[in-house]
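Visitor: Before anything else, here's the structure in question.
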Amino acid sequence: MSGSAVVLCILDGWGNGNGDECDAIHAARKPFWESVVSGCPRSSLSASGEDVGLPAAQVGNSEVGHISLGAGRVVLQDLQRINAEIGEIHSNPYLLQFAEAIKNGRGVCHIMGLLSDGGVHGLQDHITQLARVLAELRIKVLIHAFLDGRDVSPRSAKKHVTALNDAVHSYDISIATISGRYYAMDRDHRLDRTEKAYEAIALARGPRYRDAMTAIESSYSEGISDEFLVPSVIGDYQGFSPKDGILLTNFRSDRIVQILSMILHRSQEVSNILGMVRYSEKIQVPSLFPPRNICNTLGEVVSKCGLKQLRIAETEKYAHVTFFFSGGKEEPFPGEDRVIIPSPQVSTYDLQPEMSAFPMTEVLVERIESRQYSLIVVNYANADMVGHTGNLEAVKKAISVIDACLQMVFNAAKKAGATMLITADHGNAEKMFDMRGTPFTAHTSNTVPLVLCNCDKRFGLVDGRLCDVAPTILELMEIAKPDEMTGSSLLTPE
């Protein structure tokens, strides 16, 4: 490689807003961004919808964003793939084998997943269709609903429960438990949260209500929104039986593997388990939609050139700069080092908006100054994770923290002769309220920035898509783009 070493900074949830009072990024104090970045070549990238392999108008998310950034091509995402094939799910051989085992044992099917129309981790329609197919096979279906309130409105669960009940009222299908995703979908090793969800789902332990609506209304009366609803048992549900089957409907892996692992270790008598997709190479559970092979991602190409690379993030986004950025491959490529910085142990990140950005940046600066890496990929989680809390002042502080960290990274990269490329995976923090003034905690479909700093050659940037970032980096490194990468370099000579 005769080109430049590159430091790719992914600012999770940092979208291009319109600069109004709802835009925390615009409102935050960020001297580095306004003085240095504003003078660098920059452009905008599409990070949602069909440009990242999602349905048209579907907001982007961290998994999809990192897959697109690393793959250098538009990858048909699991949501699109499942939507295209769910109509024929009744003939899926994995589902039929799963159902046959339940019928032979005279058990019931437990369906668990995110009851939401947000389409980020799961989709309510998938739960409904799978439940009806199984019920038509004369299998009793019990649903363990994970409430969202994060990728959708904070208090929208009653709408989703009503829609589910209306869709399945004529079938032998009922809700057995409900849990806020804060408990059922933790990914930060907060096992006390996962434990509460597991006990409700597997053991029928926890607050008990006659129906899901009553549980939700009780939670609202205590000022608790959907995301944080304490795992609760519905009706006379009694827990798992060894003859039962478990079907998980989330199609994104990072927030389902923790509770799945707990079920596998603590409910070993229940062996008939099926996932929507493959959740991990280390978890041997069959899936309705087996994984695709995404080869010649950015990391793989750099590795094949015999060059060293570094992936670094705090816990909340570690899977994104490793597993997802590498196209679903868990093991590091030859020459790839990984650093994980523990995320702070707080209940919600508005309580500590800086998260672990500063200690992570200290390690990052040391690694940049060592000059041993040709490619460094770092994720700053703050704008997204704090943005999801809906706390405007906390998000503004988070943005200021990122800005201070970027200044340190910029200085280190300049000293080491490395090019710094700043972008994001999707929008979030640039929209904190909706048109009614209600806190807006979901992702947006806005474009995201692409900024080129410290480049020793005179380049400009044109607008593009997330999948164009990998080809852009390869051009900076003077490495040939593989045929599999259909994205284009966004560099233009000045």
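Cβ coordinates are placed from backbone N, Cα and C, and glycine is handled just like the others.
Pulled from Swiss-Prot, these are the listed features:
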- Asp12, Ser62, Asp425, His426: Mn(2+) 2 binding site (BINDING)
- Ser62: active site, phosphoserine intermediate (ACT_SITE)
- His121, Arg150, Asp151, Arg181, Arg187, Arg252, Ser253, Asp254, Arg255, Lys317: substrate binding site (BINDING)
- Asp384, His388, His443: Mn(2+) 1 binding site (BINDING)
Visitor: So around the Mn(2+) 2 site, Asp12, Ser62, Asp425, His426 aside, which residues have their CB within 8 A of the centroid of those CB atoms?
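Guide: So the additional residues around the site are Ile10, Gly13, Ala47, Gly60, Asn61, Gly65, His66, His320, Asp384, Ala424, Asn428, His443.
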Visitor: Could you state the CA-to-CA distance between His426 (Mn(2+) 2 binding site) and His388 (Mn(2+) 1 binding site) to the nearest Å?
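Guide: With the alpha carbons as reference points, the distance is 13 Å.
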Visitor: In three-state terms from DSSP, label Asp384 (Mn(2+) 1 binding site) for me.
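Guide: In three-state terms, Asp384 (Mn(2+) 1 binding site) counts as helix.
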Visitor: Please classify the secondary structure at Ser62 (Mn(2+) 2 binding site) using three-state DSSP.
Guide: helix
Visitor: These are the binding-site residues: Asp12, Asp151, Asp384, Asp425. Which one scores highest on other Cβ atoms within 10 Å?
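Guide: By the 10 Å Cβ neighbour count, Asp425 comes out on top.
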Visitor: Do you know offhand how many angstrom separate Ser253 (substrate binding site) and Asp384 (Mn(2+) 1 binding site) by C-alpha?
Guide: 18
Visitor: Give the distance between the Cα atoms of Asp151 (substrate binding site) and Ser62 (Mn(2+) 2 binding site), rounded to the nearest whole Å.
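Guide: Given the Cα positions, Asp151 (substrate binding site) is 12 Å from Ser62 (Mn(2+) 2 binding site).
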Visitor: Can you check which residues sit near His388 (Mn(2+) 1 binding site), meaning Cβ under 8 Å from its Cβ, same chain, 6 or more apart in sequence, and list them in order?
Guide: Arg150, Tyr349, Asn428, Thr441
Visitor: Among the binding-site residues Ser62, Ser253, point out the residue whose Cβ has the most other Cβ atoms within 10 Å, with all shown protein chains included in the count.
Guide: Ser62
Visitor: So what sits near His121 (substrate binding site) in its own chain, CB-to-CB under 8 Å and at least six residues off in sequence?
Guide: Leu114, Asp151, Arg181, Met185, Asn250, Phe251, Arg252, Arg255, Ile256
Visitor: So among the binding-site residues Arg187, Arg255, who's got the most Cβ atoms within 10 Å?
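Guide: In terms of Cβ crowding, the pick is Arg255.
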Visitor: If you skip the near sequence neighbours and keep only those at least six away, which residues in the chain come within under 8 angstroms of His443 (Mn(2+) 1 binding site), Cβ to Cβ?
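Guide: For His443 (Mn(2+) 1 binding site), the qualifying residues are Gly13, Val59, Gly60, Asn61, Val120, Asp151, His426, Gly427, Asn428.
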Visitor: What binding-site residues among Asp12, Ser62, Arg187 are found with a C-alpha within 10 angstroms of that of Asp384 (Mn(2+) 1 binding site)?
Guide: Asp12, Ser62
Visitor: At the Cα level, what's the spacing in Å between Asp12 (Mn(2+) 2 binding site) and Arg187 (substrate binding site), rounded?
Guide: 16
Visitor: Given the recorded Mn(2+) 1 site (Asp384, His388, His443), which additional residues of the same chain have their Cβ within 8 Å of the Cβ centre, ordered by sequence?
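Guide: Same chain, not in Asp384, His388, His443, Cβ within 8 Å: Asp12, Gly13, Asn61, Ser62, Arg150, Asp151, Ala383, Met385, Gly387, His426, Asn428, Ala429, Thr441, Ala442.
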Visitor: Express the distance between the Cα positions of Arg187 (substrate binding site) and Asp425 (Mn(2+) 2 binding site) as a whole number of Å.
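Guide: Here the two Cα atoms lie 19 Å apart.
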